[in-house]
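Undergrad: My structure is below; once you've seen it, I'll send some questions.
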Amino acid sequence: MPRTKKWTIDDSENIYRVKRWGDGYFEIGQNGNLHITPDPSNTDMRIDFKAVIDEIKQEGIQFPLVVRFHDILRSQVALLNKTFQNTLKEAEYNGGYMGVYPIKVNQMREVVEEIVDAGAPFNYGLEAGSKAELLTVMALNTNTESLTILNGYKDEEFMRLALLSRKLGRKTIVVIEKFSELVLLVRIAEELGVAPIVGIRSKMTVKGRGKWASSGGDRAKFGLTISEMINAARYLEEHGMADCLKLLHFHIGSQLTDIRAVKESIAEGAMIYSELHRMGFKLEYVDVGGGLGIDYDGSQSTNDSSRNYSMQEYVADIVYGMKQVCDLEDVPHPILVSESGRAITAHHSCVVTQVVGEIKAHGAGIATKLVDGEHVLVSDMRELIEIIDNQNNLQEIFNDASQFKEQALHAFKLRVISLEELAKIETLYWQIMGKVQLRIKDAEFVPEEMQELDYALSSQYLCNFSVFQSAADTWAIDQILPVVPLTRMNEKPTINCSLVDITCDSDGKLDQFISEYGISNIVPMHDLKPDEDYYLGLFLTGAYQDVMGDMHNLFGRLNEVHIFSHDDDPKDFYIEEMVHGSSVEDVLSIMQYHPSSMAKSVKKMIDEHVAQGQMQPREGVKWTDFYEDCLKGYTYLKT
Ligand SMILES: *Cc1c(COP(=O)(O)O)cnc(C)c1O
């Protein structure tokens, strides 16, 4: 085997696993850049991410930023709906499918508008879980054929809005989360003389597995128990509204990692539906909630950031599971409703950040030349580095070096060696560890202590972004998100590193990465070149991350560019819109500051210095303008 095999994009694929998590949308191109195929049914259409970055730079838009590929959103909407339609046909299922998109997953207007537009041929609807969301979906989805599903806790205003929407001819379904909501709804419906469409949410005994397992089970926050559901149905009957009860709802959690939980919930839900039917409550819809997972780490496993099934399998389990029970129980197949949010939006957006520096593990070290009268501890350490190349027992070298370093620390505290000698010992120590690390790369067996060397010797790449704003779940729930360089993937990445953000918070870091061997705390990236920007993409951020970010350290929302693909464009894409991120003024105002009076106050101080002759008037004007420009500027590093 030749000693230096040329690095190929396949080698990069082995590290970054783009095909595994990319779901047909992302791939490493022959030129080493990340490529996007926004419509997997038209693979001729390929966008080179490098071209997107070049155009963004040309437009003078500052990084970091969110890039949204609207075509991916459209593709996912079509894929989910078509998968249901095809499966229904194949299963000879008599009910239809009416999906809704739960806007809490990403409420950005452009995102919701795109989903509504792409979903129109399928009568795809929207779901709201709060009053603000209800007001949004009432205005945005005007298709009277599609469903509007209302979950979450509700007050009187909420009910009135829902009934207004009924008056406007919309198929708006109020899902009852607790019994008292039903009493409220019935009272207002009678007062307004409007027939509501009522759904009931069942508290399921089956629990999802994964991070959101508590959405199911006896202690679930939402839903009615079996006896409460029966009472609810009877309550409606007593008020002459038995035929208003149309939908059974359940949602056992988001990001269901194990398909068995889906199968079990369908079996349980189908039985409840059938029983209610037999009792005379002829429900038309069964809403299976969300939960369709995303394979963030590309492992196709029951890891928290993965799932052990495909969308096709998920849909088939719902359709066939429901059909089987209904046929056995001899009740009609209900219209199936699902509320997938994560699966619709996760792929379409990513965060592009620039690496602005490398923090080396142990600094550059100091010169370690032999000097007269050097302490024996320094000499001992130097001796190790001289013999290591001819020494086969690396464990012994490792142990000795570790022991000498420990002794040196004691010696320093007892004033036996100087600070400079301690620095020399540390420098030599890390040089030895570097050599050990190289030597054990190809070893068959590596003792545990030595396995940690890769991490101990790795760098930190400082990235211009905030984990708290752009990747909240990596911090909050250890969610894994794929991170890949957007260029140079035809070159060997030689720097092992973890990533840190620019917040003053040691939690502001990413240290869980997809790797060749499962999840690793370091990822190989390329060395930084002084004359070339190095961009990383943080992918699958379109669900939840986009809206859950916070303003830690007053880093605000990111600039956004919205990309559309275009056959006639030589680059295959165009930037349809640029949305400005938060300015410093914006985030300060949210925190109750008055940027204009702050500017005044600083100007006053400058004026006083000018008046006292401590600053030239011209310089004073410059500083005043500079302060004001910074207030109006972006919250992130200018690069
Ligand atoms: C959050 C939520 C969803 C969306 O779940 P995903 O797993 O993102 O698809 C659907 N339904 C309800 C009731 C929810 O609370």
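Using N, Cα and C of the backbone, Cβ positions are placed for all residues, glycine too.
Per TrEMBL, the features are:
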type     : residues : note
ACT_SITE : Cys504   : active site, proton donor
DOMAIN   : 96-346   : domain 'Orn/DAP/Arg decarboxylase 2 N-terminal'
DOMAIN   : 374-454  : domain 'Arginine decarboxylase helical bundle'
DOMAIN   : 584-637  : domain 'Arginine decarboxylase C-terminal helical'
MOD_RES  : Lys104   : N6-(pyridoxal phosphate)lysine
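Could you place these features in context, so I can see how deep they sit and what lies close by?
TA: Shown in sequence order, Asn553 are the residues of the chain, 6+ apart in sequence, with a C-beta less than 8 angstroms from the C-beta of Cys504 (active site, proton donor). In three-state terms derived from DSSP, Cys504 (active site, proton donor) belongs to neither a helical nor a strand segment and is classed as coil.
Confidence in the domain 'Arginine decarboxylase C-terminal helical' (584-637), given as mean pLDDT, stands at 97.
Mapped onto three states, the DSSP output places Lys104 (N6-(pyridoxal phosphate)lysine) in helix.
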Undergrad: What is the total of other Cβ atoms whose distance to the Cβ of Lys104 (N6-(pyridoxal phosphate)lysine) is within 10 Å?
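TA: For Lys104 (N6-(pyridoxal phosphate)lysine), the 10 Å Cβ neighbour count is 20.
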Undergrad: How many of the residues that make up the domain 'Arginine decarboxylase C-terminal helical' (584-637) does DSSP mark as helix, as strand and as coil?
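TA: Counts, helix then strand then coil: 40 helix, 1 strand, 13 coil.
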